[in-house]
């Protein structure tokens with residue numbers, strides 16, 4: 001009998017403090033559905049499910065026919081399972097980390113360097129930048145998902161400068177006036193002026209930031225108590241961020257960055273040098289294998305202000321333009337493909353109606369990881385006929401060039417996400 005190249009995985013759960021608590025977390029619910037022995041602690045956060053080979057969360061193999069305990073060990077000894085191009089391009093490593101995130105309190109405002117800058121930062125300060133790789137990311141909403149992403153159109157920033165004097169005070173009159181004057185100029189002039197404004201904010205003295213933030217919080221609180229709607233300056237969000245991160249400079253970032261609320265199935269792609277933050281909700285995420293993060297606020301951690309201000313992409317765009325749209329497969333009516341402009345990963349979303357009795361997962365020249373978000377199936381392959389039961393929360397590794405047949409065991413819709421590398 002051929003050695004199995006398709007097998008279920010037990011994946012690592014990260015209990016970071018910002019995660020949703022207990023069974024409020026989609027991560028916890030997926031875990032409980034897939035593992036009847038899982039004990040969900042209602043007083044603990046379940047922030048991330050990691051599906052991949054990262055050293056801090058290497059997936060365990062749930063197949064007693066396989067001697068290797070973890071996915072990274074198995075891939076090291078079965079290099080052809082990656083796919084020929086993937087193996088050669090990424091030095092025999094799985095190039096992506098696949099995740100589910102359940103966010104209760106905001107993650108830090110951050111950006112990730114491109115490869116060239118990552119190599120430089122890693123050499124200069126490995127304690128802050130642990131590897132030399134870039135870290136593009138994509139998030140696809142499972143529930144309504146709120147985040148900050150990329151610089152707003154300049155017209156919107158100028159409006160906030162008028163409406164929020166505390167914001168203008170930190171930017172400074174000269175930089176703010178210059179931004180207003182360059183609104184109709186070419187993109188290079190706009191980017192330069194935007195960089196100047198953002199740098200003024202980030203380089204403000206902590207004492208001054210705290211003073212201005214306290215003034216703004218007091219003003220919003222008083223106006224709200226008087227029954228006035230403060231949503232034109234994101235009053236409720238500002239108060240929430242200040243409560244969670246009092247005195248943090250990142251509270252003012254909401255006036256610079258687009259605020260997105262993704263509906264389930266909508267996505268945002270975070271390329272190198274784009275400032276972003278996840279605020280609340282559940283999502284599927286995929287990224288290149290890297291831990292390099294340059295933080296900008298909403299964090300007690302190290303903020304490298306000079307690197308941050310120098311590296312960011314100061315190209316304004318609307319929140320609508322920040323949405324990343326999938327393409328529908330020509331071969332499979334149930335398949336949507338989220339294929340970002342980086343080689344490291346692609347995400348496929350499959351929605352199969354419950355009226356279908358069997359669905360075939362097509363073979364790819366890439367290793368892939370499949371996550372069952374909804375539905376119950378029996379999986380089988382042409383090479384190894386041993387059936388694999390999969391239900392909500394189940395995770396399956398699929399070696400390159402392997403197809404998988406999924407037999408629906410009940411008339412309920414399937415929702416499946418699959419991470420792969422399409423070179």
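Every residue, even glycine, has its Cβ placed from backbone N, Cα and C.
Since we're looking at a predicted model, the values are computed, not measured.
When you go through 67, 72, 108, 187 in Swiss-Prot, the residue listed as phosphoserine is 108. The annotation in Swiss-Prot ties 110, 112, 276 to Zn(2+), and of the candidates under consideration, 137, 266, 285, the one tied to the same site is 137. Within the same chain, residues at least six positions away from residue 102 (phosphoserine) with a Cβ under 8 Å of its Cβ are 19, 20, 24, 25, 26, 27, 28, 46, 47, 48, 282. Residue 2 (N-acetylalanine) and residue 112 (Zn(2+) binding site) are 42 Å apart (CA-CA, integer value).
The record gives 110, 112, 137, 276 for Zn(2+). Within 8 Å of the mean position of their Cβ atoms, the other Cβ atoms in that chain belong to 111, 135, 270, 274, 275, 293. Comparing Cα positions, residue 2 (N-acetylalanine) lies closest to 137 out of the recorded positions 108, 137, 276. Under DSSP, residue 110 (Zn(2+) binding site) is assigned to a strand (E or B) in the three-state scheme.
In space, 108 is the closest of the recorded positions 108, 137, 276 to residue 295 (active site), judged by Cα positions. Around residue 108 (phosphoserine), the same-chain residues at least 6 positions away in sequence with a Cβ under 8 Å from its Cβ are 250, 277, 293, 295, 296, 297, 298, 299, 301.
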